[in-house]
Amino acid sequence: MSPNPAPSLLDRLRRGEAARDLGFLVVLLAAAAWIAVPALSGDGTTLAGTQTAAVVVAVAVAAAGLNLLSGHARLISLGQGAFFAIGAYVSAYLSVDSALHPLVAIVVALVVTAAFGGLLALCTMRLRGPAFAMVTLVVAILTERVLAEWAPLGRLSGYPNTLDHGSGLMPPIEIFGTSLEPPLFAGTEATVVVAILVVAVVALVGYRNVARSPWGRSLHAIGTSEHLAAHLGVNVFGRKVAVMALASTYGALGGVFYAQVFAHLQPESFTMLLSITMILAVILGGAGTVAGPLVGAVIIVLLQRTDVLTPLVDLQRQVSDTWYLSTPGLIGVLLVLTLAFLPQGIVGGLGELAHRLPGRAAPAAAPAAAPQAAAASATASSPAPDGDDVLLAVRGVSKSFGGIKAVQAAELVVRRGTIHAVIGPNGAGKTTVANLVTGVYGIDSGEITFDGRRIDGRRTHAIVRAGVARTFQTPLLFTHASATENVLAGFPDTGRLPLVRAWLKDPGQYRRTRELQDRAAALLELVGLGGDGHVEAGSLPYGKQRALEIARALASDPRLLILDEPAAGLNTAETAELGRLMLTLRAQGLAMVVVEHHMDLVTQVSDEVTCMESGAVLAHGTAAEVLAEPAVVEAYLGVEMEETA
């Protein structure tokens, strides 16, 4: 076995998870201190800068929530500005007109916004792509109109206003007799900014915890393929509702910050431009990266609220006072250039550059051999368990798609610790049976039991959690993630870790992370990828991608593994290695269903074989018995072969 290549500097830095978390916290605290010092000085010359910095913080928090929704789960939302506005107005209204303590009003505003976001998700989460984006756009437009037209919120006069409330400013929050003053007047210490910074640091640490946790991996899985996410044990619908509610809460928290900084709300501050600003922050900084939306928010808000671009505007006006790009136009050009030259955003682009720096480990020249000791004593002629040891039973199952009968009264029995091959010509219904077992499709008739319990009618993630895992005809991988990260996504934590634990990241999570990393390394070693843990999945040869998908499926510790054409595209050596791996797994007690066309592999590893044609079972028995059936030869191998035999 060749020695593992030395990890690059980036790989070594990634190992110290606690150190990375501490580093992120130190950066946030340093930035907070840089903002807080002038805010507490009471110097009138720093008021504008303090307000701009506070807006950066508010937009950064809202953009962080949007990144979980749109950057990780890839549910593009154009309505984050609406949640920002709801948080601001609800907290202001409850503290001014309902006489609630401002802190209580803020908590209620966050809960209300989260509930609204969750309800919106319940109604729209079956939508994806442009359809979902359009719904959120409509929400943003309707929110803007409500703020401008609803009398209790002051309409265009803003909220609060002197006509209805005798004052145009919200009363400051008081805690233990101390007023948290906003940065509005010279000579006043803007203590509310310090409070905002404390809450923002906590919120952003929680955001990072979620993004880098198994919960965050589940969002990445949803963004890659909902089909894949479900087969990783993720309740896709529930997780999408949860991330929508979480993103809405972060948006509302940003709005609360804004309301406390300016103590007055104007509807023109919450137009569609606000939602666009947040999505631009995510894209510019790097969608799906942790720091991306924070970097993007700093750049976008500073460009909008300072005179950085004014010289460029003036230069254009010297050429033509009629045709020139204003500040928003120049920001648009900046975004286009970023997408053209850094399609992964600033942070994503820098990360990609770091991967290509000298010292980046090269893939091992040859994969580590899978353990074969256990396979040596395991042969295809191993006796099958008794009939009472049935693990999976497909009884009289039928499935039609319109007028096409894909599966007709199919029968399939898989015993514990055996390999059951399913063969047949293309279109025979083999993969459809696999999809029926894993809950991708519902059955029309019959029943499917696993370990004595019916699983037909259950959703895919529930079946996976019961102990069924699978691979696919074409490998479904996180192509831009490392092999290790792909395997980590297969562990049950991806679908089962509660959001609260992910957000808080208790000390047990550090121990669990180390444990999972060790187990992921062991699984990679098992499938022959021991030296490729750091390599991006998309850079692996096709045969290794198939092995990686098996390792990820094994991470869920299944009792039944369904392999859908695992030898497709493999060369002779890779197919032989696959066979040895399957025998090793069988010797360890794992049952397998193998949908396969490679007859040599089927003959080598299978205990039982079922042949299908046109959705029906044609024959069942050992490989030798099935391949000797005249009907099988005619339907699957061809009449000519029968005649020449």
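Glycine is treated like the rest: Cβ placed from N, Cα and C.
Predicted automatically and left uncurated, TrEMBL annotations should be read as such.
According to TrEMBL, the feature transmembrane segment maps to 22-41 (among others).
Taken from TrEMBL, the feature transmembrane segment covers 47-68 (among others).
Proximity of distant same-chain residues to the transmembrane segment (75-94), defined by a Cβ-Cβ separation under 8 Å and at least 6 residues beyond the stretch ends, is recorded for 58, 62-63, 65-66, 69, 100, 102, 104-106, 108-110, 112-113, 116-117, 128-129, 132-137, 139-140, 142-144, 147, 152-153, 159-160, 170, 222-223, 240, 243-244, 247-249, 251-256, 258-259, 265, 270-279. Annotation source TrEMBL lists transmembrane segment at 75-94 (among others).
Taken from TrEMBL, the feature transmembrane segment applies to 100-122 (among others).
What TrEMBL lists as transmembrane segment is 129-148 (among others).
Within the chain carrying the transmembrane segment (184-207), a Cβ under 8 angstroms from the stretch's Cβ atoms is held by residues 21, 24-25, 28-29, 32, 35-36, 39-44, 47, 50, 53-54, 57-58, 60-61, 64-65, 68, 169, 172-173, 178, 250, 253, 257, 260-263, 290, 294, 503-504, all 6 or more beyond its ends. Annotation comment: TrEMBL describes 184-207 (among others) as transmembrane segment.
What TrEMBL records for 241-261 (among others) is transmembrane segment. Sequence-distant neighbours of the transmembrane segment (241-261) (same chain, 6+ residues past either end, Cβ-Cβ under 8 Å): 51, 54-55, 57-62, 64-66, 68-69, 72-73, 75, 77, 80-92, 106, 109-110, 112-118, 120-122, 125, 170, 173, 180, 182-183, 192-193, 195-196, 199-200, 203, 207, 210, 219, 269, 278, 499.
Listed as Cβ neighbours of the transmembrane segment (273-303) (distance under 8 Å, sequence separation of 6 or more from its ends, same chain) are residues 24, 52, 55-56, 59-60, 62-64, 66-67, 70-72, 76-82, 84-85, 137, 140, 204, 207-208, 211-212, 220, 223, 251, 309, 327-328, 330-331, 334-335, 338-339, 344-349, 351. According to TrEMBL, the transmembrane segment annotation covers 273-303 (among others).
Per TrEMBL, transmembrane segment is recorded for 323-342 (among others). Residues 273, 280, 283-284, 300, 303-304, 309-310, 312-313, 316-317, 348-349 of the same chain lie 6 or more positions beyond the ends of the transmembrane segment (323-342) yet place their CB under 8 Å from a CB of it.
The domain 'ABC transporter' feature in TrEMBL is assigned to 392-639. For the domain 'ABC transporter' (392-639), the model's average pLDDT works out to 93.
By the count of Cβ pairs under 8 Å, the stretch nearest in packing to the transmembrane segment (100-122) among 22-41, 47-68, 129-148 is 129-148.
Within the chain, the transmembrane segment (47-68) has long-range Cβ neighbours (under 8 A, six or more residues past its boundaries) at 35, 38-39, 77, 80, 83-84, 183-186, 190, 193, 196-197, 200, 203-204, 207, 210-211, 216, 219, 243, 246-251, 253-255, 257-258, 261-262, 277-279, 281-282, 285, 287-289, 292-294, 296-298, 300-302, 305-306.
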